[in-house]
Ligand SMILES: Cc1cc2nc3c(=O)[nH]c(=O)nc-3n(C[C@H](O)[C@H](O)[C@H](O)COP(=O)(O)OP(=O)(O)OC[C@H]3O[C@@H](n4cnc5c(N)ncnc54)[C@H](O)[C@@H]3O)c2cc1C
């Protein structure tokens, strides 16, 4: 029997689609192996650039979101735009992260308020690559404390969806922990079926690491074998976001899995005899389309309903030209560009502080404090010289990874004194060795231009609040004591590194330091980046705060941008407060929770 013309048409189109899906699958495989630039794919050009969801940024959040949405929301097509290149895991190397400089800040001294001190500028790296910062980070797996998330939930009744129990459910859903023989207590706090791989250090513990633990025990710091369990305080080895000893970015786990889902909807079944052929209609490709080297420039708004700020798509720069992608009627634009760039693209699209936007000649669509509430964990190192005894394994200690094998968590002292035994036993510590985990100082970022390729200015404002400075002083004093402890001082001959020669005369080996000396050390020496010192743990968050609008919020509890439609932000920028620990896992957790909210809202529109 002859097919009618529309059947024939459908059959032709479907057979083309079939072929393209096959080619597509091959190219996906190549992409997964990172040996082919993903942008060479052709299939999606036929879809006229209309997607159910457009995700901007394939970092920690974007990768989790893409995977969760494609598997859980029925029959959707997703575009992921990533400004950076594909990763290059095939060589076990990733490309250089892009770096933003922070701005030099003058401020009154904490110790001598009549004097002026300077927070020097420093480079601020970010992962501009598939996987985002999770592809360049230090892999320390920490998730913060119960009270962090309960405080998010306490912002209003509707915010209860962010309480610790629900966040813990999400942490567990994302995590795939490879601890050997986990005990029942461990199982309460960890997940074993997610796609974020976590493991204990793959190497044996170095003798020196064991001796640092002993030295910490000498000072009264208890051991802890799970910093994400019931208590965070103590000394112990970190778990890392690794699998079989290799870095696992969120792209490796989540985006790779998202790319595996390629279907056609509706599923076209051959019609049974005597009709033959296919059912009428053309299938839509259900899949995730990733475009690398595609930099989002701004949101496309529905200009016919100007007052409603309805997002209908995005403008992006790719292949040397500006392109548009649009969302389908029930779709959404979801910004996952990270703390700096999510704030930047909102501001470029007219959402942000009036004065800053006007100064950059950008039309204000909705005034919101985007870019305020810039939070971060300041960091300051204390360094020791080691005499290497013959035949030890210390020469094998190398690279950042070894440096962060170990965590010592305690409460800093707000008067700058060495923490006491009670501070070591406090189950809600605020220090992670040299990282101040709950700073009270808050910074901000500003748009410096309407040009999307010019980075915003970052004002970190570290130590603006005196208690931050005093707690950092207290922690450094403790580390100085640690270096003097046996077996570090005896077996390893550890000596505090002198700063008088290389860095100026104000601090000599073994000499007492006044609080003023300490402040200079923290502000000036802690910022010397050509040496190993640093001043940030690169845990920037908070610039598109989730809070009631009256409390300085930019997105509501469902992460929708106030005063707009079809627009959400999902990444570290929405954190109302900074968690008391590293933030990669919390970002993944937020993205997982957000996928549920987006799914609920999408289904409600059906
Ligand atoms: C050097 C370093 C070390 C760290 N160490 C640790 C650690 O040990 N443990 C830990 O838990 N956390 C660590 N972190 C922090 C953690 O990795 C990040 O906070 C987290 O990955 C942020 O996730 P995100 O999704 O918010 O943003 P990102 O991962 O930064 O993702 C944003 C993505 O959006 C893309 N993008 C931005 N703008 C645009 C645009 N206009 N168009 C298209 N794409 C765009 C970016 O290229 C990027 O890929 C570290 C971070 C750094 C930089």
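In case you wondered, yes, glycine gets a Cβ from its N, Cα and C as well.
Taken from TrEMBL, the feature domain 'Glucose-methanol-choline oxidoreductase N-terminal' applies to 51-261 (among others).
According to TrEMBL, the FAD binding site annotation covers 137, 138, 139, 140. Residue 138 (FAD binding site) is surrounded by 16 other CB atoms, counting those within 10 A of its CB over all protein chains shown.
On the 0 to 100 pLDDT scale, the domain 'Glucose-methanol-choline oxidoreductase N-terminal' (301-378) averages 96 in this prediction. Annotation comment: TrEMBL describes 301-378 (among others) as domain 'Glucose-methanol-choline oxidoreductase N-terminal'.
According to TrEMBL, the feature domain 'Glucose-methanol-choline oxidoreductase C-terminal' maps to 439-591.
Counting every protein chain shown, 23 other Cβ atoms lie within 10 Å of the Cβ of residue 137 (FAD binding site). Counted within 10 Å of its Cβ, the other Cβ atoms near residue 139 (FAD binding site) come to 22, all protein chains included.
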